[in-house]
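Data block below; observations after.
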Amino acid sequence: MSFGADEEILQDFLVEAGEILEQLSEQLVELESRPDDADLLNAIFRGFHTVKGGAGFLQLHELVECCHIAENVFDILRKGERRVDSELMDVVLEALDTVNSMFGQVRERTDVTAATPELLAALSRLAEPQSADEVAEPEPEPAVEAAAPVAEPAASDDITDDEFEQLLDSLHGSSPVSAAPSAAPAAAVAPAGDEITDQEFESLLDQLHGKGKFAADAVAAPVPAPAAQSGNAAPASDEITDDEFEALLDQLHGKGSFDAAIAAPVAAAPAAVAAKAPSAAAASDEITDHEFENLLDELHGKGKFEPDAIVAKAPAPAAAAAVSPPPAAKPAAAPAPAAKAEPAKPASAPAPARAPAPTGEKPVATEAETTVRVDTARLDEIMNMVGELVLVRNRLVRLGLNSGDEAMSKAVSNLDVVTADLQTAVMKTRMQPIKKVFGRFPRLVRDLARQLKKEINLELVGEETDLDKNLVEALADPLVHLVRNAVDHGIETPEEREATGKSRGGRVILSAEQEGDHILLSISDDGKGMDPNVLRSIAVKRGVMDKDAADRLSDTDCYNLIFAPGFSTKTEISDVSGRGVGMDVVKTKISQLNGSINIYSTKGQGSKIVIKVPLTLAIMPTLMVMLGNQAFAFPLVNVNEIFHLDLSTTNVVDGQEVVIVRDKALPLFYLKRWLVSSAAHEEQREGHVVILTVGTQRIGFVVDQLVGQEEVVIKPLGKMLQGTPGMSGATITGDGRIALILDVPSMLKRYAARRI
């Protein structure tokens, strides 16, 4: 492919095909459990077909070839000529991986690597019916009767300029089409008026279905036949509607390479049937748009037609339709016999029936026109400006509180409301459903289960939960580690589960829900759970802590040991797990997102890991405190409770000062001694205590003054201060001060070992 093609068209393809490929990954895994689901088979078929169409337009021949054969496989499946089995699924999933690889190369603007001959051969074999002799036979041809005379001739043999341009657009990117075949479709769609009946269209499909290649000279003979009869046998209302014509072009769009005269037989096919239609057809003989589209699906993905088959069989559907009554099962065709008594009505009857068709299409076109693609960099810029507006708002709110001017207070209050609404609206433009992350897990779990010889069902809950685009991308890797752990460590083998009275198949549930301004993500399984005693012994064996310290750990603390670097419950290292680095990465990543992670487990029943992260990383709710004259901000997500304390009532346990809160001893630290150098040895008699939750532990910090809750915009620290332990960024407070935002976990690592 030449990447010098229209960049906008290429970008459209990358966006649309990327979404379709993500859906295909989920749908293929779902197909294993629902192999007979016709809707699912059709959806997968259309997915490959759509990607093939876009790739064909961009002349990505390698991608077209792979998608085309995969499409044929699902055409065979949906016709019931082959069954879904594990071998077929393995080949199709390999084909999807190959398509994804090619798609990645297109995105990177590198040369596309074609699929291996072995894969194409395997797909081609699966694209054949299981019994090669089973070929669809056409309906028997009854005696042909002469059609009744027509009241008036065809209205016009011309198509509009727009229709002709659309036809040319649909054929764009294929081999050049000569002037003679280009004229054929113009004449073929000419007869004006009524739609074809169900039976006529189905008969045509039977003749065209699955045929091989045809050449230009082979179709020359049958093409004039419909035109010759159109003047005598076709009623004035015998043309297909604009919408149907456009839908047909859409279905033909992106097919592989065409022969020089491909346009002529393709466009002539509907006209050939229409020209042979019975003269007594009434408005009730029309098929609905939905039925028409379903029938078009039958033409999807077919190869090139055989000349002999076209010459021999093309007249057959028309002959059969001339004498066969419409099927009784189709309500639209039922009144046809009554129409024979009034042959003059068909010319005018179709008009009201066709009217809803363009009306139904308009809302879709309107919706497409209102969608605008915006660069994420521009959204980030807008979000930064909203952040600055929030800071100005905070400043004005603070000034309004100190002002006695009632009018100013009202104006500031209104500004506060408008700014909050604007902030929410801009944040929504950056939101994406968590489904973009969840979509990769059905395939991941399926492959791991086959590799580990386990039976696992994955359930996804809350896929439509929205959160910031940057968070969606940042959460992908941590969730992959957690799901892999649940499959590898949590779920037992089928034999082990049966021995403990469980079902052979294990369950892994991945869920997401919004809680206030945070998102809760949970990964739970019904596996063997974690044994605290085993975790204690592993911690001692690996030198993480001594035996006395391990014995003092609570069960919850034991569960959190899995986040320690190098800690693993596996005795053997595999390509799935066992190196002890995955969970450490998860904990670090969640901390960077200002989130928290907790583990709950019951031996023999399963485990649950809960992640809590903010909706957005741009604006953070904080608790503002003062240490001397310097302002600091605690992330509000970590704040558990606040109270005033007489510091003379504290106790010391194992050399650590603690405060008793509801009969539980919590470690107490003087934040001022860590962060204000002049107060390193200052004694305090009383102060405010802020209890923070860090992981599964609660810790108290003594501060001088509580300012209150405030939304702040996180600004990165300068190069000289970047990486300072305990500091995640800075912001400007409502009174114009610069406040440092505290990173509590890293601050504890840096200072907690010091003696108070």
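We count from 1, first residue shown onward.
Glycine residues also receive a Cβ, built from the backbone N, Cα and C atoms like all the rest.
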Practice task
Looking at the candidate ranges 15-65, 66-116, 321-371, report the one that TrEMBL labels region 'Disordered'.
Solution key: 321-371
Exercise for the section: Choose the correct range: of 128-157, 428-457, 518-547, which one does TrEMBL annotate as region 'Disordered'? Give that range. Expected result: 128-157
Practice task
Write down the single range among 172-192, 466-486, 697-717 that appears in TrEMBL as region 'Disordered'.
Solution key: 172-192
Fill in the blank from the handout: CB neighbours within 10 A of H49 (phosphohistidine), counting all protein chains shown, number 23
Problem - Residues in the domain 'CheW-like' (619-753) grouped by DSSP into helix, strand and remaining coil - result: 22 helix, 76 strand, 37 coil
Handout entry: the domain 'HPt' (2-106), counted residue by residue under DSSP: helix, strand, coil
Key = 86 helix, 0 strand, 19 coil
